[in-house]
Amino acid sequence: MKDLLNLLKNQGQVEEFDAIRIGLASPEMIRSWSFGEVKKPETINYRTFKPERDGLFCAKIFGPVKDYECLCGKYKRLKHRGVICEKCGVEVALAKVRRERMAHIELASPVAHIWFLKSLPSRIGLLMDMTLRDIERVLYFESYVVIDPGMTTLEKGQLLNDEQYFEALEEFGDDFDARMGAEAVRELLHAIDLEHEIGRLREEIPQTNSETKIKKLSKRLKLMEAFQGSGNLPEWMVLTVLPVLPPDLRPLVPLDGGRFATSDLNDLYRRVINRNNRLKRLLDLSAPDIIVRNEKRMLQEAVDALLDNGRRGRAITGSNKRPLKSLADMIKGKQGRFRQNLLGKRVDYSGRSVITVGPTLRLHQCGLPKKMALELFKPFIFGKLEMRGLATTIKAAKKMVERELPEVWDVLAEVIREHPVLLNRAPTLHRLGIQAFEPVLIEGKAIQLHPLVCAAYNADFDGDQMAVHVPLTLEAQLEARALMMSTNNILSPANGEPIIVPSQDVVLGLYYMTREAINAKGEGRVFADLQEVDRVFRAGEAALHAKIKVRINETVKDRDGSITKNTRIVDTTVGRALLFQVVPAGLPYDVVNQPMKKKAISKLINQCYRVVGLKETVIFADQLMYTGFAYSTISGVSIGVNDFVIPDEKARIIGTATDEVKEIESQYASGLVTQGEKYNKVIDLWSKANDEVSKAMMANLSKEKVIDRNGDEVEQESFNSMYMMADSGARGSAAQIRQLAGMRGLMAKPDGSIIETPITANFREGLSVLQYFISTHGARKGLADTALKTANSGYLTRRLVDVAQDLVVTEIDCGTEQGLLMTPHIEGGDVVEPLGERVLGRVIARDVFKPGTEDVIVPAGTLVDEQWVEFIELNSIDEVIVRSPINCETRYGICAKCYGRDLARGHQVNIGEAVGVIAAQSIGEPGTQLTMRTFHIGGAASRTSAADSVQVKNGGMVRLHNLKQVVRADGNLVAVSRSGELAIADEFGRERERYKLPYGAVISVKEGEKVEAGAIVAKWDPHTHPIVTELKGTVTFVGMEENITIKRQTDELTGLTNIEVMDVKDRPAAGKEIRPAIKMVDANGKDLYLPGTDVPAQYFLPANALVGVADGAQIGVGDVIARIPQETSKTRDITGGLPRVADLFEARRPKEASILAEVSGTIAFGKETKGKRRLVITPTDGSDPYEELIPKWRHLNVFEGEQVNRGEVISDGPSDPHDILRLLGVSALAKYIVNEIQDVYRLQGVKINDKHIETILRQMLRKVEIAESGDSSFIKGDQMELTQVLVENERLAAEDKFISKYTRVLLGITKASLSTESFISAASFQETTRVLTEAAVTGKRDYLRGLKENVVVGRLIPAGTGLAYHSERKRRRDADKPLRVSASEVEAALTEALNSSGN
């Protein structure tokens, strides 16, 4: 019997579940949850503080107020557990049942649920096929709705106002049924026959032609199918029973002074109960219809306010004029249930304190104040004291700890030994914001932090605070030690470079000790070994910077692991020899034989990690830090005002600039230059002067004169403290020194425009009042920007995490052949990022061949490490196809091969790594460093003259890419395509630079030709757009009549006449319809055709075109027959910084986006409409021509008869990512977005690995739009998950049916987060109400695949160590399947047991 009870007890709480389903609650279900009906609006008796019976806090319904004690006090204590008191009707149980027992209110009249009514799209409206306005008029008793027309002429669902209703009554009597209010709506919903309606809609959709109608019908169809499939009934969207929240979740607390603090919900419930009771009474009294109606409307409004206050009409306010917080408000927003209590909870065993520097700690340690440790580790101490027999009970142990007896400290030290603690600094922007350390007990009250981890935490010691957490369980301690220990986080997950890098004083110390000085003490001596150098230095016989020779023994470990030892004599300095003593064996001496600047140290640590491994690197980093601190102390570097040496040339430079500005001012005064030109010239002048001053200053600071050993005067690098700090990268920059010792330069106004008068003084000289005033602008704007930036950056990170949170590595290899083509990132002739850097840590997708041969040198499936990179560079490969997260075919998650290397560890990524979250953090964390401002093109900042030629920087071979060209008579090539590029490759065939060639560029070199550095290889006129002939023949003018379509202009200087085509607006009536053109004919006057087509060679001329040939002239291939002047592009703002990144990730369509060719073919212009031009592209394959209307003010890059390829730019402007995806495919989109985002970050000097951006892109490309449904159940135009469609298509293909066709869709990150399969994740992100209503109506299941869902339901996340837990749990469950019992089996066992016990 006991086992049976246990079995029954365990039936209630289900531990094992794989999905959560949400649905509509039926009235029966609400009643089944309930423990009784709330009939009175009373809460508690204000004298006795006891809950009123049948009220909102009734103990009979909800349970006792005190543990195991009924209300009247008849039954007390545990022995009466489960007894129901006959006097007060209260069950004797735990008081916490008041947190879980619900009640209900029987509504006297049905009430529509506002979520399904008002949350767009209105579900009730969609089902009933009525507009929201109409339904509201029925619900709020303004109109009648016909429910059953009977034999009358009325229609079902027709609305009648009072007059019409009474007219109908007179006419038809009782033949029809029309009502108002929620009961009418409920009746109509109840009457819907879903099966019949679904069948009708499925027939209707294919017969409809209008797009909007199809959209509407398919929406209804979807909703009806959802209702049918989910087991929800439509009438459940109208409530007849209202559930009541358990009282302890809406507490009422007596304050002193007889007042009460109460949850707003109680007020809202009270209103509902009051109105409901009044309505019941009115109905019993059969009051006049109008009064009842009003009461019903008030009840509807009261319930609306309870469910979602303020959704309809004015929000109901409490006594303090604030809107009351309804049930909907409880769950949404930052303070709502999801974000406040489910996704983030406060934890026990934690403390926080100010941090100070701990320069003596090792990397894995942190200093923990004794007081804090004692408090944090209390339970452990109690346990140890009891175990030792020092205390008999916990109480005694507590007393000992409170008195802080000496033995307590001994026990504490023992407890803390090897028990890691977590340190966290808010804001936690990436995973390195929480790391584990071993605590070291210290006196004082501040936590000590190791200086090298400051960079990861972004911490400094100006009053920052940090929180300490204690991992309690053994597993938690294990994870803290194995995964989160600071020594395991040497590399940054964002870019794979070391993040444990010395900074500031340490860098300065190392730089100081590795500098060399001329004629220092001990110069030229030769030493036998490092120990001897050490001895001599300590004895003071040789200076730190002396140049010496020393014999060293070095151990060099190669990449393949082979170790070579050699002994040699090197030229070095004393300091460098001393530094080499701490370098681990395996690194050559050359790593320290240079001045150690910040970059060099970072490179050294990276190299150390790759060559000798983690443990050695950690020890080395610590040693570097101790050495750096020691020597920066010895150096005695400090700055005084005399270190800022003002250059002598400053006055002269400023004088010259002032004179030139005066000259320009006088030109402006006499009207020779315009205001704009003057402004630009002045600003250019001052920028140049500023640069000159700072050059002079740096030259002055960076060199000093000394006497060498032979007594001659020589120059050496300066030991000026200021210069050393900036040069080493410890603190400060040339720009800051310029403000201190040069001139402050140009300042900006608050609106971002530059003020013409610069600040010529510097901080050493001091600013005048006016100068000071000007410079306050910038400083204030900076502060305002920073505040905005932080909030925006945080929001971007949140959206990124949300979209990528469920992306986890779930398998090793998905087996895809797809990949992205990687080439070096070249911009305007400079290699910004070489190929090696881009493919490092990626897996090769297809075999790489040695250039020009069939030999595979890198097989597919290779994970490219540093060795392979060298190999690829060596073999001068310039393109590689690599696996990418975008192409990964894993259904849930991603595979390790497509992701490649785990950047923070340096090996292939492990299964279970949450790569989505890491990507989001890596992109979001540097967000605060990006700027907020948009840049104006114009002003001194970014003005460049228009390029008109290509000048080669490096010598090499010419390569031409997708360039269509014709050869001119003089042998030069003329480009006749838009997207052509010219590249220069070095002797190994690697591309060093790349240039875009515009249409009409004259190229003076051929493919494969060798050119010298500095040669000009192509030229064009940047101010006009030429029309180039592709064949030779005779020119004939068509429709070119003087003063009707063209006008002749004679140039005064040269006397040459030009023909200019008139604008349509300026032509006389006769010329409006004529389209002037130039036609090419052969010697006999026959039409010539464009090569390879049957299109006659005639070139239509747009307005303002200048014709440079005469009628009947003979011209050759590649000659220019006309030029179209390009108006200088108007200065447009380029969005930079954070807003640009957000725009790209949100996939926003830019204003005036560039227009791309939808199909490949020949361009023609059709009939013009008002204000628009009609562009027609006739495809080469003979399919239907494509037409598009383009506004006339858009400047077109194409003209009649020209061939374009799909996706080529027709009209310039910012690119629209959706167009790129549609026309050029996923790879082109990936390339575009990755490059655009990287440009923003690169400008700020932030390195982020491409794969993080690709990972987010994968999540943005999850959805597809069905183009043809085939034999599938999909509806055309539906958005579906790509994986879902692929699975369905596989199934259809297996059954030899027609598969569905689809196009990829790009969603912005917010949209993608809201359209995930998991409703829990979407609801906890944004628009909670909408997500939940939709999920409830469709009866959605959440399979808890992502991270957020599992956090919300309180399980381990399916990533990292949690992945193992979940797979083990599923395995165990499958093994236990046969042992499961059902409810019916339990019932049978129960009857049997009862029978046997009865006998």
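Using N, Cα and C of the backbone, Cβ positions are placed for all residues, glycine too.
Under the heading Zn(2+) 1 binding site, Swiss-Prot lists CYS70, CYS72, CYS85, CYS88. Long-range Cβ proximity for CYS70 (Zn(2+) 1 binding site), meaning a same-chain Cβ under 8 A and a gap of 6 or more residues, is found for ALA59, PRO64, LYS76, VAL83, CYS85, LYS87, CYS88, VAL90, GLU91, VAL92.
The Cβ of ASP460 (Mg(2+) binding site) has 11 neighbouring Cβ atoms from other residues within 10 Å, across all protein chains displayed. DSSP classifies ASP460 (Mg(2+) binding site) as coil under the three-state reduction. The Mg(2+) binding site annotation in Swiss-Prot covers ASP460, ASP462, ASP464.
The Zn(2+) 2 binding site annotation in Swiss-Prot covers CYS814, CYS888, CYS895, CYS898 and rests on sequence analysis. Look at CYS895 (Zn(2+) 2 binding site): DSSP puts it in a strand.
Sorting the binding-site residues CYS85, CYS88, CYS898 by the number of other Cβ atoms within 10 Å puts CYS898 first. For the recorded Zn(2+) 2 site, residues CYS814, CYS888, CYS895, CYS898 set the reference point as the centre of their Cβ atoms, and the other residues of that chain within 8 Å of it by Cβ are GLU811, ASP813, THR816, ARG883, PRO885, ASN887, GLU889, THR890, ILE894, ALA896, LYS897, TYR899. Sequence-distant neighbours of CYS814 (Zn(2+) 2 binding site) (same chain, 6+ residues apart, CB-CB distance under 8 A): CYS888, GLU889, THR890, CYS895, LYS897, CYS898. Highlighted in sequence order, ALA59, LEU71, GLY73, LYS74, TYR75, GLU86, LYS87, GLY89, VAL90 have their Cβ within 8 Å of the centre of the Cβ atoms of CYS70, CYS72, CYS85, CYS88, the residues recorded for Zn(2+) 1, and are not part of that set.
The Mg(2+) site, placed at the center of the C-beta atoms of ASP460, ASP462, ASP464, has further neighbours from the same chain whose C-beta lies within 8 angstroms: ILE355, ALA459, PHE461, GLY463. Set side by side, the binding-site residues CYS72, CYS888, CYS895 differ in how many other CB atoms lie within 10 angstroms of their CB, and the most is found at CYS888. The Cβ of ASP464 (Mg(2+) binding site) has 17 other Cβ atoms within 10 Å, all protein chains considered.
You'll find the Cα of ASP464 (Mg(2+) binding site) roughly 55 Å from the Cα of CYS72 (Zn(2+) 1 binding site). Around ASP462 (Mg(2+) binding site), taking its Cβ as the centre, 5 other Cβ atoms fall within 10 Å, counting all chains.
Counting only the Cα atoms, the space from CYS72 (Zn(2+) 1 binding site) to ASP462 (Mg(2+) binding site) is about 60 angstrom.
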